[in-house]
Structures are given as structure tokens and as C-alpha cells.
Amino acid sequence: EYPQPNAKNVATYEALQDRHLDIIHLFVIWQYNDFEWARDYLDVAKENGSITMITWMPTPNTAQDILDGKADEYINEFAAGVKSYDEEIWMRPLHESNGDWYTWGTGADSVNNAEDKVAAAYRYIVDIFRKNGVENVKWVWTTNNGSSGGTLTGSYPGDDYVDYVSIDGYNWGTAQSWSSWSSFEEVFMDAYTALCQYKKPMFLAEFSSSELGGNKAEWINEMFRVLPEKFPRIIGLVWFSESKPDNEGDWGLDTSEEAVEAWKKGISAYPPAKRISH
């Protein structure tokens, strides 16, 4: 479960950062959440003047399951719901497929989630939306900053199927036995360089830093220092502000006053994320 963007959470986060949320992030899990479930959260974003980005998680399906049509009814019903909604929605299916932690991840099942199959499944989903005449969607493709079983770009579905490219990445610090402190540049440069081959707008769809093993506030300060010079194509930042149990990571923005102040200072000068037109 994820702490979803209800009106209270949106207002709290905007007050925390002292800035409007241009993008509001909603996790939708195929196994549990249909479009009607998502509608209330879409309404919150609409009333707030924000763009909703839906991370559309095909659990429990593999890429091959999608290609075999096992989720067609769900996909078609969701497409119809999106079409009926009078707002642009950013859809982010099959994210982080270069890892082994999701049912569609190449590292979780190298046969049913071979990278060419993941790319084909992404196209399959988009094609269903197109057949339903859905025109109020922008498609977001996401790689994880580090791969476990896949590669950074092997599942890219092609320029005709993507409006935005994006990266997910985290500085885990010393939160895990296998992790160590990494700067913003260390977390993102390899993936950023790989995605620069695509002539698509690019943003960070999920990111955060731990407090453990270093200085989170300084990590944020450094991020805003290096973004203009070393990551000039990054047009948006979506902080993953949830500290997870069992010390997976203290990802919340408000883990320290210093971190909040660093974010507020940096984000106040960062350009708004805007809709693109094609």
C-alpha cells in the first residue's frame, strides 16, 4: 500500500515545500485498483491544478501475460475511464522493468519478461488505448538507475510510444547492508547519459535520499547545484516522500528540518513542470 495523494496529503506537502505541486503521483495496482478507485485522486489533482502521473503497476502479470491478453478486460476498462475523464493524465506502465522486484521485471523472470517482451507489452498497452480513442494521455517510460537482470534501455518501446522518458533512483545511504552513501550525480549520471539518446523530455519520476550515512540536506543542496550544469535535460522532479517500514529507506522529505529547508530553497527557483503538446 502507498500513502495516496488525497486532498489532505497534497495540502500538507504543498505547505511543507511552500510551492504548488505541478505533478501529483498516484500508484495504481492492476490487481486491486480500477479506474473508479483512481477517480477520487484524479479529482484532487484536477481541483489543485496539477497533472496526475499514474504509475500503473501490472501486478501480478508478467510481460508475457499482457501479450497473451490476460489483462485485456482490465486495460480496456481503464482506457475507457481515462477517455471519459476531461483532464490530461500521464500513464507510467511497466516502470523499473530492468530490475528483479516486480512481476514484470526482467530480473524476476528472464523468459516471460525478456526486454523485447517488456517493450512489446508496453506497445500493446498503448495500442489498446489508441484503439479506444483515448487522446488525453501522455506516456511515460521509466528505467531504474541501476539494473538487476535487465539493462538501462533494453525495454524502450520506441519513440512512437513514448512522450516522456524518466528515471527512478535512490541514495540508500547505509540503510541496507549492501548500500553505501551515493551523491546525486553517482545515483543518476549513468542512466541520464543513457537516456539522452532519446529526443524526449526527461524527468525524475521517483527519487529520494536517506539520512543514514551522510547529510541529506547537503545531498539536496548538491543536487540543485549540479542539475543545471550536468543534467540540463531534466525538466521535472518527483520526490518519493514515504519512509518505508523495516528501514527500507527513510525517504520522507521531512526527516529533518535541514532537509526540508534545503528542498524549499532549491525548488523555489526550479522551473515548473509543464504539459507538452504534440
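One is the number of the first residue shown, and numbering goes on along the chain from there.
Even glycines carry a Cβ here, placed using N, Cα and C.
Bear in mind that the values here come from a model prediction, so they are computed numbers and not experimental data.
Feature annotations, reproduced from TrEMBL:
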ACT_SITE  E96  active site, proton donor
ACT_SITE  E206  active site, nucleophile
DOMAIN    1-263  domain 'GH26'
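Note on the domain 'GH26' (1-263): mean pLDDT across this stretch is 96. Here the Cα atom of E96 (active site, proton donor) is found 10 Å from that of E206 (active site, nucleophile).
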